[in-house]
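Notes for the one structure printed next.
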Amino acid sequence: MPNEFTSAKLRSDCSRTSLQWYTQTQHKMRRPSLLLKDILKCMLVVFGVWLLYILKLNYTAEECDMKKLNYVDPARIKRAHRNTQEVFQKECRPGHAKKTMDLLFKGKYSMDLEPFVQKIPTASEAELKYDPPFGFRKFSSKVQSLLDMLPEHDFPEHLRAKHCKRCVVIGNGGILHGLELGHALNQFDVVIRLNSAPIEGYSEHVGNKTTIRMTYPEGAPLSDAEYYANDLFVAVLFKSVDFKWLQAMVKNESLPFWIRLFFWKQVAEKIPLQPKHFRILNPVIIKETAFDILQYSEPQSRFWGHDKNIPTIGIIAIVLATHLCDEVSLAGFGYDLSQPRTPLHYFDSQCMGAMNWQVMHNVTTETQFLQKLIKEGVVQDLSGGIH
């Protein structure tokens with residue numbers, strides 16, 4: 001006959017068995033539930049991509065008024081040339097861009113920030129705080145592997161040695177067409193071009209000198225003709241496959257087909273430059289530009305959509321220029337959204353209205369930022385597109 005102890009033990013064992021059975025049953029029930037959630041997420045993503053593709057195919061915006069691209073007000077041409085002449089008529093002011101940025105954005109702009117990622121034993125705390133493009137959290141080993149392939153990590157010595165450097169950041173705006181600023185733009189010490197903006201066929205208006213080509217994989221020119229032997233290719237890294245793409249470009253290797261599937265458009269198969277001409281943009285520049293200067297919200301984990309907290313390549317390039325050069329000028333910047341049928345770029349027929357469809361950038365905030373830089377004399381707007 002069982003005593004109290006054995007009875008309690010039997011009850012305990014039975015309870016434990018029941019609990020184990022219940023827990024195992026719950027786990028089994030939860031697994032299909034989690035699997036179902038994952039399947040639903042994948043289906044939503046596929047449906048979303050399909051929907052965006054259909055909308056893109058069926059979006060019939062008004063055709064651009066190409067007459068506006070072909071006709072340029074003579075007064076605007078004169079004004080652009082006068083703006084450029086004024087830059088070179090004055091004596092270059094050493095440290096002007098950094099000093100004025102520091103005064104304008106006190107505590108938000110680091111005067112001693114390295115423009116490019118350096119090969120050092122440990123990355124800075126700021127570099128590792130965020131995921132790309134604002135930092136290299138979880139990617140430090142990949143960055144170090146890339147840096148091991150690059151023989152140089154600084155601005156070229158002949159440019160660093162120059163007492164006072166003048167930069168021009170050339171945007172891709174349709175406003176450049178017809179201004180015939182090419183010769184004047186070639187006079188700057190440092191010429192920064194963005195993404196795939198072509199020179200061939202447009203040099204009369206945009207010049208043919210390039211010091212820096214700043215872009216991300218999908219934005220890099222596909223044609224070898226757009227690269228010159230002494231260009232610096234400054235890579236902006238946004239996602240994991242961007243590191244693999246850059247590694248392939250530096251090593252002059254082909255990128256596997258399956259990796260290409262992760263890019264939203266065709267990427268260059270080769271970059272005809274030597275490894276010493278590649279640089280990696282310091283992500284802290286993007287972080288400071290976005291969160292400190294433009295006051296965008298920090299990245300949040302989201303299943304769908306964007307926070308509009310990523311600055312355009314053009315804005316990032318302007319901030320980079322203030323770290324590289326003593327004086328900074330702009331050409332080809334400015335979005336006139338009140339003229340949706342005006343050509344957006346100097347090299348294609350895409351309309352200004354397309355900017356209303358993009359979901360990554362805050363055009364209004366960026367325009368206000370540029371207006372502030374011009375008003376305070378940090379930069380000079382040569383083409384007059386920023387109102």
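Backbone N, Cα and C define each Cβ position, glycine as well.
Just so it is clear, the model here is predicted, and its values are computed rather than measured.
Swiss-Prot names the disulfide partner of Cys167 among Cys325, Cys351 as Cys325.
Every protein chain shown contributes to the tally, and the Cβ of Cys325 (disulfide bond) ends up with 27 other Cβ atoms within 10 Å.
Sequence-distant neighbours of Asn208 (N-linked glycosylation site) (same chain, 6+ apart, CB under 8 A from its CB) are Gly182, Asn186, Ile199. The Cβ neighbour count for Cys167 (disulfide bond), using a 10 Å radius over every protein chain in view, is 26. Secondary structure from DSSP puts Cys325 (disulfide bond) in coil.
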